Every structure is written in C-alpha cells, then in structure tokens.
Amino acid sequence: MEEVAEEVPVVYLHDVKRQYVQGESILTILNGAKLALWAGQSVALVAPSGAGKSTLLHIAGLLEHPDEGEVYVGGTATSGLSDAERTQIRRTDIGFVYQSHRLLPEFSALENVMLPQMIRGLKRSETTERAKEILAYLGLGDRITHRPAELSGGEQQRVAIARAVANAPRVLLADEPTGNLDVHTADHVFQALMQLVRATQVAMLIATHNMELAGRMDRRVSIQDGLVVELD
C-alpha cells in the first residue's frame, strides 16, 4: 500500500531548553532548539560527546521533559500530558534502538520482538505472525528461536531494530546503534535501518559518530551553542 507523507512533522521540537545542575553551576545543553522529523526521512545527529545528543533523543522520545519549549508528536503537544499518556505514546508511536541491544537474555529473538506488542494487549497469534514477518524481512527468519547469546553482534542489533518497529511506530530514535560493531557489520545494520525507513515511511533520527553513515542519510544536523543546526 502506498504511504502518504504527513502534512505535519511526525515529531517537532519547538524552542526546547534543557539544563542540568552541575555542582554549584547550571549546565545548559539545549537552548531554544528546534527540530522537525518528517515521515520517511532519515536524519543523522552528529555532534561531539557531551554536546547533548542523548538529551535531544530522550526529549524527542518523551523519556525526559524539557525545562522550556514543547514537543509535538503527530501535531499534538505533549507537555500537558500525564505520565501514563506519555507512556502510551512511547509504546505506540516511538521506537528506540540503543548502542547496546538491551534484549532480554532469557527470551528468544522471536519472543523479544513479540514482547512490545503483547504489552499493548495484542493477541499472541497476531504478535507471533508480525514478529516472524519483521525478523524475516531483516534476514533473521532462520534465527528466531535463538537467544541473544547465540546471535552475533549484528544479529542482536537487527533483533533490537525489529523489536523497535514491532508496534509500527511513527518515529525511530537510535543512539549510536552501530557504535559497538565492526565496519562491515555496522554497514549491514545501517542498511537494515534504511530499508525499514523506505518500506514503512517511519521518521528516523540517529545519533552517530560515523560520518560515512551520516553522509548516506537524508539530512545531517548537529548541536551548537544549544541549538540544532542543519549541516551541509
């Protein structure tokens, strides 16, 4: 089925400010930051360590509140929502991939991908079918019964990606998803991410130090003086 791009950003950060207390001083990480993520678009977030990449991802993913400003998801302001409402949006609209796969070691690849769907209350038969479909799409159809310890690093990350998109989110947020992988494996994982963006029209924001991979994405942004700036 042909996807139609949304008229509003999937996620929009407007004038976001975030500060932390550091000893007796205040450290300003974001100060008036703006960022729009659109359906079907991949965005690389490249900045030095400590510049605020993880903070930006956490705020965009509703894991952290900004001190000022607003985060819109699908055009809806989130600042006035309850914790339960924010959690519901994270479960349905936002997928996360981390540098460490964070898979549950006692579960198989299939069960790890089924879990987010079961938390939403979907039937086991539905979750099983969708999990198998996603894993097969990512080239893991013959590895679904294996536990994380029985998989390679690249396979573990592809299972983590499958888990992140299990609930068909609007946006995928990834924090250094290839940081622990060798160049060849990192390329395979990156291709899997881009394949999903094209197939599902999910918006994707990846924090990365890998400039070669960043150069293959639709947009590149950085954080400078608390602002999100477009590169190129």
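Placement of Cβ uses the backbone N, Cα and C atoms for every residue, glycine included.
Marked as domain 'ABC transporter' by Swiss-Prot: 11-231.
PRO48 (ATP binding site) carries neither a helix nor a strand DSSP state and counts as coil. What Swiss-Prot lists as ATP binding site is ALA47, PRO48, SER49, GLY50, ALA51, GLY52, LYS53, SER54.
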Sparsest-packed among the binding-site residues, when each Cβ's other Cβ atoms within 10 Å are tallied, from SER49, SER54: SER49
Residues within 8 Å of the ALA47, PRO48, SER49, GLY50, ALA51, GLY52, LYS53, SER54 Cβ centre (excluding the ATP site residues themselves): THR55, ALA207, ILE223
Cβ-Cβ distance under 8 Å to ALA51 (ATP binding site), same chain, at least six residues away: ILE29, SER222, ILE223, GLN224
